[in-house]
Amino acid sequence: MNKKSTAIFLMGPTASGKTDLAIQLHQELPVEVISVDSALIYKGMDIGTAKPNAQELALTPHRLIDIKDPSENYSAAEFRHDALQEMQKITQQGKIPLLVGGTMLYYKALLEGLSPLPSADEKVRLEIEQKAEKFGWATLHNELAKIDPISAQRINPNDSQRINRALEVFYLTGQSLTELTAQKGKEIPYHIIQFAIAPDRAVLHQRIEQRFHKMIEQGFQQEVEKLYQRSDLHPNLPSIRCVGYRQMWEYLQGNYDKDEMIFRGICATRQLAKRQLTWLRGWKSPIEWLDSLNPKSTKEKIIKTIKHNCK
């Protein structure tokens with residue numbers, strides 16, 4: 001049996017210092033960086049996403065950054081496909097893939113594979129919507145309860161979008177959403193070493209606030225104004241729903257003043273960090289936690305672990 005190639009996950013909440021650490025590791029280890037961030041994929045969204053700057057990217061190139069226009073969607077399945085391709089290219093060069101970011105759903109998809117859910121079918125969705133107009137979503141929720149009682153219990157009777165998707169999956173496959181999501185895709189064909197970096201809550205909150213104010217100083221408002229002027233962008237797109245961007249967009253719409261926008265942006269970023277930490281604390285695979293307040297010992301710990309595992 002061939003020995004699996006090694007890959008490294010460097011996970012953590014927003015503003016935890018992942019990018020700086022990745023750049024240091026790139027200077028001392030034979031690693032190439034792959035971004036695992038659902039916001040960094042977008043072109044023209046640099047300041048509000050805390051994207052590495054041109055100098056940092058010249059020093060340490062990041063793959064899967066700036067690969068989509070803000071008008072486009074990008075799924076966890078697409079990420080898995082693209083990341084595995086990049087990982088293969090890196091290992092073929094005799095180097096180690098270093099996956100850095102905080103989009104935990106992407107890590108999960110990469111690690112465990114994805115359930116074999118069908119793609120959306122506009123014709124089927126339209127038929128379900130027409131049925132709902134005639135009989136009401138409560139009736140369709142009752143139908144779902146007969147087909148898939150577990151999903152029906154989870155989904156609010158007023159949540160038309162999720163009822164539609166659950167019924168659509170059944171109509172297309174003959175299997176319930178619960179049955180299909182229980183099926184795992186292919187696991188990642190690599191030996192994964194996983195690290196997580198997370199400062200103390202008070203430190204993280206302070207960093208998030210400082211970083212948001214710094215983004216404002218760097219021209220975050222002007223960045224979002226350019227997006228706001230585009231006729232093809234709107235608040236329901238994943239790009240505009242990114243933390244900070246949504247609040248700035250609503251400020252530009254006149255929904256609240258600048259101080260309120262800053263307050264909401266900081267709060268939303270802190271909530272994102274909390275969700276990311278919740279994911280990490282419930283992570284099934286073994287994680288080595290790093291001391292974010294001692295960068296030197298953190299870097300040395302990673303280097304020692306990698307060298308030991310790559311003998």
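Glycine is treated like the rest: Cβ placed from N, Cα and C.
Here's what Swiss-Prot has on this protein:
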type    : residues                               : note
BINDING : G12, P13, T14, A15, S16, G17, K18, T19 : ATP binding site
BINDING : T14, A15, S16, G17, K18, T19           : substrate binding site
REGION  : 37-40                                  : region 'Interaction with substrate tRNA'
REGION  : 161-165                                : region 'Interaction with substrate tRNA'
REGION  : 241-246                                : region 'Interaction with substrate tRNA'
SITE    : T103                                   : site 'Interaction with substrate tRNA'
SITE    : R125                                   : site 'Interaction with substrate tRNA'
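Taking the features listed in Swiss-Prot, we show where each one sits on the structure.
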residue	record	Cβ contacts under 8 Å, 6 or more apart
G12	ATP binding site	K18, G102, A196, I197, A198, Q276, L280, S292
P13	ATP binding site	G102, A198, L204, L272, A273, K274, Q276, L277, L280
T14	ATP binding site	A50, G102, I208, V243, T269, L272, A273, Q276
A15	ATP binding site	A50, L204, R207, I208, R211, T269, A273
S16	ATP binding site	G102, I197, A198, P199, L204, R207, A273, S292
G17	ATP binding site	I197, P199, S292, P295
T19	ATP binding site	A50, P52, E56, V100
T103	site 'Interaction with substrate tRNA'	V36, D37, S38, F79
R125	site 'Interaction with substrate tRNA'	N164, E168
Chain residues outside the region 'Interaction with substrate tRNA' (241-246) and at least six past its termini with a C-beta under 8 angstroms from it:
14, 38-39, 42, 45, 48-49, 212, 215, 220, 224, 227, 235, 265, 268-269, 271-272
DSSP-derived helix, strand and coil totals, residue by residue, for the region 'Interaction with substrate tRNA' (37-40):
0 helix, 0 strand, 4 coil
Test of understanding: give the count of other CB atoms lying within 10 angstroms of the CB of K18 (ATP binding site).
25
I'd like to know the mean pLDDT over the region 'Interaction with substrate tRNA' (37-40).
98
Shell list (substrate; ref centroid = CB of T14, A15, S16, G17, K18, T19; cutoff 8 A):
G12, P13, D20, A50, G102, I197, R207
Determine, from DSSP, whether T19 (ATP binding site) sits in helix, strand or coil.
helix
List the other residues in this chain whose Cβ sits within 8 Å of the Cβ centroid of the ATP site residues G12, P13, T14, A15, S16, G17, K18, T19, in sequence order.
G102, I197, A198, S292
